[in-house]
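Listed in Swiss-Prot for this protein:
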BINDING   K28, 33-37, L52, S56, 95-97, 201-203, 229-231  GTP binding site
COMPBIAS  1124-1141  compositional bias 'Polar residues'
DOMAIN    368-422  domain 'FF 2'
DOMAIN    429-483  domain 'FF 3'
DOMAIN    485-550  domain 'FF 4'
DOMAIN    1249-1436  domain 'Rho-GAP'
MOD_RES   Y308  phosphotyrosine
MOD_RES   S770  phosphoserine
MOD_RES   S773  phosphoserine
MOD_RES   S970  phosphoserine
MOD_RES   S975  phosphoserine
MOD_RES   S985  phosphoserine
MOD_RES   S1072  phosphoserine
MOD_RES   S1134  phosphoserine
MOD_RES   S1176  phosphoserine
MOD_RES   S1179  phosphoserine
MOD_RES   S1221  phosphoserine
MOD_RES   S1472  phosphoserine
REGION    1-266  region 'Has GTPase activity, required for proper localization'
REGION    1124-1148  region 'Disordered'
REGION    1177-1207  region 'Disordered'
REGION    1446-1499  region 'Disordered'
Amino acid sequence: MMMARKQDVRIPTYNISVVGLSGTEKEKGQCGIGKSCLCNRFVRPSADEFHLDHTSVLSTSDFGGRVVNNDHFLYWGEVSRSLEDCVECKMHIVEQTEFIDDQTFQPHRSTALQPYIKRAAATKLASAEKLMYFCTDQLGLEQDFEQKQMPDGKLLVDGFLLGIDVSRGMNRNFDDQLKFVSNLYNQLAKTKKPIVVVLTKCDEGVERYIRDAHTFALSKKNLQVVETSARSNVNVDLAFSTLVQLIDKSRGKTKIIPYFEALKQQSQQIATAKDKYEWLVSRIVKNHNENWPSVSRKMQASPEYQDYVYLEGTQKAKKLFLQHIHRLKHEHIERRRKLYLAALPLAFEALIPNLDEVDHLSCIKAKKLLETKPEFLKWFVVLEETPWDATSHIDNMENERIPFDLMDTVPAEQLYETHLEKLRNERKRAEMRRAFKENLETSPFITPGKPWEEARSFIMNEDFYQWLEESVYMDIYGKHQKQIIDRAKEEFQELLLEYSELFYELELDAKPSKEKMGVIQDVLGEEQRFKALQKLQAERDALILKHIHFVYHPTKETCPSCPACVDAKIEHLISSRFIRPSDRNQKNSLSDLNIDRINLVILGKDGLARELANEIRALCTNDDKYVIDGKMYELSLRPIEGNVRLPVNSFQTPTFQPHGCLCLYNSKESLSYVVESIEKSRESTLGRRDNHLVHLPLTLILVNKRGDTSGETLHSLIQQGQQIASKLQCVFLDPASAGIGYGRNINEKQISQVLKGLLDSKRNLNLVSSTASIKDLADVDLRIVMCLMCGDPFSADDVLSPVLQSQTCKSSHCGSSNSVLLELPIGLHKKRIELSVLSYHSSFSIRKSRLVHGYIVFYSAKRKASLAMLRAFLCEVQDIIPIQLVALTDGAIDVLDNDLSREQLTEGEEIAQEIDGRFTSIPCSQPQHKLELFHPFFKDVVEKKNIIEATHMYDNVAEACSTTEEVFNSPRAGSPLCNSNLQDSEEDVEPPSYHLFREDATLPSLSKDHSKFSMELEGNDGLSFIMSNFESKLNNKVPPPVKPKPPVHFDITKDLSYLDQGHREGQRKSMSSSPWMPQDGFDPSDYAEPMDAVVKPRNEEENIYSVPHDSTQGKIITIRNINKAQSNGSGNGSDSEMDTSSLERGRKVSAVSKPVLYRTRCTRLGRFASYRTSFSVGSDDELGPIRKKEEDQASQGYKGDNAVIPYETDEDPRRRNILRSLRRNTKKPKPKPRPSITKATWESNYFGVPLTTVVTPEKPIPIFIERCIEYIEATGLSTEGIYRVSGNKSEMESLQRQFDQDHNLDLAEKDFTVNTVAGAMKSFFSELPDPLVPYSMQIDLVEAHKINDREQKLHALKEVLKKFPKENHEVFKYVISHLNKVSHNNKVNLMTSENLSICFWPTLMRPDFSSMDALTATRSYQTIIELFIQQCPFFFYNRPISEPPGAAPGSPSAMAPTVPFLTSTPATSQPSPPQSPPPTPQSPMQPLLSSQLQAEHTL
């Protein structure tokens, strides 16, 4: 307590009196000098507590109140302040003034009657209970303010503040004021109290007044002056603290700050506080709808708010808040305005998009037009009050419609004008686009595939550039190119179909030979549709290869009209017509052909089958489902490793019918097991109804777990596997050929390819395997096939509706999805007819593999391809089968007006006349035709039924007698099928009362084939014996002697006399006049006694075959050959054959002659038949001089039309092909990839071995290659066509043999030709186990080649080149450098880098041609090799990139040199030297030649 009091005592207290001019208005003017404001600011400095108005005119009552208390001074209260030395002090402030009575306007009378000057100088003030003064409003309302009394009612004044007003006061003279102040000062000075002069209102001060005041102060001793402004709160505290310093001498002297410097500090403080307050407001207030009371309450506790209110007051704070609110509202309105203006163009586009409607309307008229639009209210809103920004619509955020009064603003009018301009520009751009497109369509220079860079100069002009960007024209050009390319492709595909006869005559397979492709070039080369794709050779190549694939492998999926293939349409029509209750029961039967299930046999001993089955199952889903091309298939595997004669190891069980078989081997013993098992399986089903195992698709796979692709044992296994695959006519896959791995490295892609092949086989079986045999004729009397062309301009419904709507139409009993049964009255009896409706491409495969009594062939009269396919089909149909041609037209008027329709109708009718067929035309526009239209044709079929069945029976007897028939039907008998297993639809060929064949017959083998095959197997006696025995059995499956029931003999000329009525009543002849020779030209020297059962000569007539005429009575009709023709040297020259021929020479010519094909009877069929004599059956792999010689010898003596098909008058074609293939296969097979050369008399230890065995680090180049290249560069660089012209095969073989014996062989001394040396060098690379460019690198090379930028492409290729194995890289560098040198002499040798790449890329790369992708990628391979040759210095010698010859930098030809497909001239032409022969035409299919073709040049 004592301490507190001591501390209180220590706080000094000062009583300060503020004096200055006072009095009436006469003395002081209209306002005072600011004493009250100065006191107010010092005592209560907060802006809200500061009052500017303090009146001195009071009423008597106010004067007498406790605040004034009848005194002429005011007590302002007590103030605590901390001075500069941090010492706190208290100050009591008193203001000496003079109050004026509001009645008399004279000073109020008070207790002290002295004048103001004396009263103001008083140092003792007393006024009992006098209250502290706040403001004028306090007077009379003292209770509403704080009531604080003057302490003790008295004060002793310690100092005076003498105020001088330096502003320009109203009605006041400053000099008079100064006189008053001077007198007052003199009076104050008498008190000896400190005095400080305070200049008030300096914010409005007059410079002269301030200067005079300072002059006055200077005239007085130690009189200090402080410049202040109470309103601006400048130096107010400084005035009082200065006086306190004078009062208390112990305190330091206060520094007096000039007014303007102090004002600057105060302004900075206020500005800082304002910025902080504005930041606070912007942070708190986000919505323009906020109000001040709520916001001020939120800010009450914020220092920023408190500081600003203290300095500037609440009103200014509120004013700033309102300004912020106004700004937020303005920003909000502007945002809404921008949104509305942004939506306005969209509204214009939606409501007035038509330029014609608004082109000449002003904005005002357009506004009226907008109101009439149906969707006006969707875009605009009409407000009751305007303008829109002054209404509550601005806060309606859900309504985004545009206020309609916005249209009256200038921005809206500008947007409307912009909209008009946009519409006008769009119209112009559309006109430019149309004009550009018309230019494209009419310009003769725009052809499919022409690059934009070449076309631009022909079609662009300045107007086009003015209105549209070039990218737009490029886009239009690209779309136009796509259209014309698609159209050109469609037209080219139609062209290929129009030449269907050519493709079927050439008998193309998966690897067509270059000679056959040359024929395609010759025939199609002049067609405009062929030339149209000149710049798209890769696409044209792909279309040709795709069409070849279709011809070779016709399915619904490969059909050019897919998915609108006729077969699919027919299946849908028939399935929708008939609901078969038996379908449910058929799901579990053996005849189920559901392609969603794959049954696969895996054959291999010693655990091979089981291991592969486990690997395949690992690739399946949990429920044994396998995904192929995105579709799920159920996969059922049956691994077999034991004796297949045992039921447990049988290929087929009551619940498992195989669709294919994978045969595995890894040794000679396991290969022998495969051969024995296949033989046993085929023998067990040979004479049975379900003999489809004979044609089960097989795939032979060499298992090599180590992944070793070298070594003599592996090569021997590969070679033997290829020989066995050739014998069995199955696919062979080995680890080096297609990336096949086994064990952990099984190739899922290859497994998928195998399964796809099985699916294709099943689909083909769906079309042809459901027919019954002759034995089933009790159920079906006739089998008719109706052929339709896919893609014809008529609906299959029009053709089938009369059939399906007939009441006699029933579902086929065999469950075929393409067949129906008809019961029609033909003659005196009703006949059951099985009508199969198929596409032409499906019908090709059944012409000789299925019993068909007649064909109804449809074609469109206005489509060339339709009639072309019909001609191709009829070429291979026997002339005893009746044909009904049906032409579909658009009506009689169309026929008269359309030359094509008229020509095709005429041609169809002429074909029918020449083949003695029937012809009719049906307008598609007329009501549907009736079945009665075909009644005459059905009568012809009935008349020829017996001879057709007898002929088919004989053909199948010959077929059953030789199980070595190729699993893939011969193209001559039908369309060739890739990996298909079309079964013979006939199940039994014998009468039901006995078996024609005996399964345990033992027949001798062919010794010559045996010996040859033994040599091939390299001394493997066990396998040699098995294969020789197997081969002999395959070739000698003739029926043993049988004892049939006594046949009922009859004279065929009597029973079949109707066949010889061609000269009566216009009946058509159905048999050719050429002699009928047995199709199986059996050689008694090759066969044992059972031969007599079939072809033993008879005394008067020879039984050719027997037909079950009436199965219920067991009668056998024996058809005899009354006039057997001479063999004309075409047989084997045996005595028995010559004797038989001698017996027949003098016999009378029979009216019955052997059936021939329609091609021999009709001049309009087989127009490309001449090409058949030029080529052998099969691909280039099967071509060779020995086979050619054999075919030439076999065809000698045949003249005329039959010369093109000698087998038809000699022997059964299937047996002949088998024997010929066996002889051919005794030669060296053509594996892929090709292993080393294996010849019967010479085994090389240099050629055909891995590259690493013939090079060393010291000599990285094989010495043979080095010798060859040195010889060629020394003598052959000027040789025309070097590397393109093949050398003599025997000389190349001799060269290799001699070098193999002596590595120091001197080529110059031996006098070998340059072409021989060049061919031997190419042969060296062809015979390498792996190509010089490794397969693993070829993929990277192709990816690098796809880069468009030329320089980047070359650098990418160079990086791939660095990854080559060292040996391969060195040899490749050596060879490419040599070829580069050869190309530099192209003016002489005519071998440019392009020509050299065409010759060398198959040798160096040897790609796999088993897929369409590989075939179509050949252009990339050739171009890659060409780039290596061209840029040899860059790739191998770090030289800069050079420009290719004949191409400007950056030109398309420089970027990607092209190789023409089916063109006779290279893409890059080189000038020929004067008087030199023209360049040798490049082989059209050279880009498609595989490594085997290269080997063929060397053998």
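The backbone N, Cα and C atoms fix where each Cβ goes, glycine too.
Distance from the CA of Y308 (phosphotyrosine) to the CA of A230 (GTP binding site) is 18 Å. Between the candidate binding-site residues, L52, C202, the densest Cβ environment within 10 Å is the one around C202.
The shortest Cα-Cα distance from Y308 (phosphotyrosine) to any of the binding-site residues (K28, K35, L52, Q96, C202) is found for L52.
In this view, K35 (GTP binding site) is surrounded by 25 other Cβ atoms within 10 Å of its Cβ, with every protein chain counted.
Each residue of the domain 'FF 2' (368-422) gets a DSSP state, and the totals for helix, strand and coil are 33 helix, 4 strand, 18 coil. Under the DSSP three-state reduction, Y308 (phosphotyrosine) is assigned to helix. Mapped onto DSSP helix, strand and coil, the domain 'FF 4' (485-550) counts 50 helix, 0 strand, 16 coil. Confidence across the domain 'FF 2' (368-422), taken as the mean pLDDT and rounded to a whole number, stands at 88.
Mapped onto DSSP classes, the domain 'FF 3' (429-483) shows 42 helix, 0 strand, 13 coil. Cβ contacts within 10 Å of K28 (GTP binding site), excluding its own Cβ and spanning all protein chains shown: 24. Using a 10 Å radius centred on the Cβ of A230 (GTP binding site) and all shown protein chains, the other Cβ atoms total 26. When each of the recorded positions Q96, Y308 is scored by how many other Cβ atoms sit within 10 Å of its Cβ, Q96 comes out lowest.
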